[in-house]
Amino acid sequence: MSKPVITRFAPSPTGYLHIGGARTALFNWLYAKHCGGKMLLRIEDTDRERSTEAATAAILDGLTWLGLDWDGEAISQFERAPRHREVAEELVANGKAYYCYASPEELEEMREKARAEGRPPRYDGRWRDRDPSEAPAGVKPVIRIKAPRDGETVVHDAVQGDVRFPNKDLDDFIILRSDGTPTYMHAVVVDDHDMGVTHIIRGDDHLTNAARQTIIYNAMGWDVPQMSHIPLIHGADGAKLSKRHGALGVDAYRAIGYLPAALRNYLVRLGWSHGDDEIMSTEQMIEWFDVKDINKGAARFDFQKLEAINGLYMRSSDDQALFDALVAVLPEIEGGKELAEALDDKGRAQLLLAMPGLKERAKTLVELADGAKFIFASRPLALDEKAASLLNDEGRAVLKPVYPVLEAMGEWTAESLDAAIRAHAEAEGLKLGKIAQPLRAALTGRATSPGVFDVLVVLGREESLARIGDQIG
């Protein structure tokens, strides 16, 4: 019987959860779910100078917001240092690794010699077969792996295929430093083995690491997990995605106003596809996702595509769910605090009532919040430039006879208001737009908004008439 699939996401808490890391986590999560397995979380916090608790919290928060739940407790790599030392010493005891007492001066001499001879700098193995009794007094050694010197190390990769590394290019690298701390290369192997990880899905910038890690697995006689090294995300210009392209942390995408489901949908299509399907539910992603279908070529991040997908998700969202998502993000967006303060019982009811019209025009929650500001604006309304031009003398003259029509309304519904204004326009020999444009400007202070009859209903009779009255004098 085959082992259950166990994947892992292993971020370093030296900053936010960046978008590439989020995609890696998503691929690990989807593959584990697809196979009925587990995704574990390990925080690679061995770099004590750069690792912070705030970054760890931001990573956990980002994963939770994206809906990527992990199995069990998050594991700290730093706390496992005694186990890393134990395995390093075991490798020495078994003749698979050795103590190296080379001084910094000797190592620099090796590098200089290699440079002079046009070779890449490599440790020359001078302590590989020497007796530790020859060790200089008072020098704390490092532990180096005894890497094979002939042949090649092959990484069997589900995405890249078999990748071969000549062993002459892989020197006896350090697995334990002289202060007893493990190197990243060593700690990762020990942790993945002890956690029972069967499948490693990570960026292809780790491919060279995979060769060295395979040497450690083989030295310990452990099974090597199935590797899948996925292409990095590039910007629209084809260069590796960076801050220059607007590469942000997941927390920033949240504050910009993207929905987690939309971001998941966009990220899964960066380097993986299922036919021509663009929009897919989480259940479909889980059913269809397989590492063998990941592309070898780098995917390009397209903000406009993400925005379009987010808009689709917003339009198809339940009004209450979208309302809740907007309220949750208000503290993080510009002007959101003022909007949140306006959401008393009446304000909440108005915003929910406006949601069908607002979500048709917005691609992000920030745009949704901006579109909703007219509901809570103080009188007299500040007019934007286009609204002011619509409320010139001609616009006000068109609007003046509309006021008594609205004032006389018995039923204040979108349908009855639509019928009354259309009848008035016909009687005046005007097109509906000739009335609707200055009316919208008077009600919202803007030239664009949800449907003008929906706006009248959301604002209510009293507020609508008061705003129109402010403009016609």
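These residue numbers are counts, starting from 1, taken along the chain as shown.
Cβ coordinates come from backbone N, Cα and C, glycine included.
Per Swiss-Prot, the stretch carrying the note motif ''KMSKS' region' among 50-54, 240-244, 335-339 is 240-244.
Among the ranges 11-21, 143-153, 275-285, the one that Swiss-Prot lists as motif ''HIGH' region' is 11-21.
Using a Cβ-Cβ cut-off under 8 Å and counting only residues 6 or more beyond its ends in the same chain, the motif ''HIGH' region' (11-21) has close neighbours at 43-45, 47, 50-53, 55-56, 58-59, 62-63, 203, 232-233, 241, 247-253, 267, 301. DSSP labels the residues of the compositional bias 'Basic and acidic residues' (113-133) in these numbers: 6 helix, 0 strand, 15 coil.
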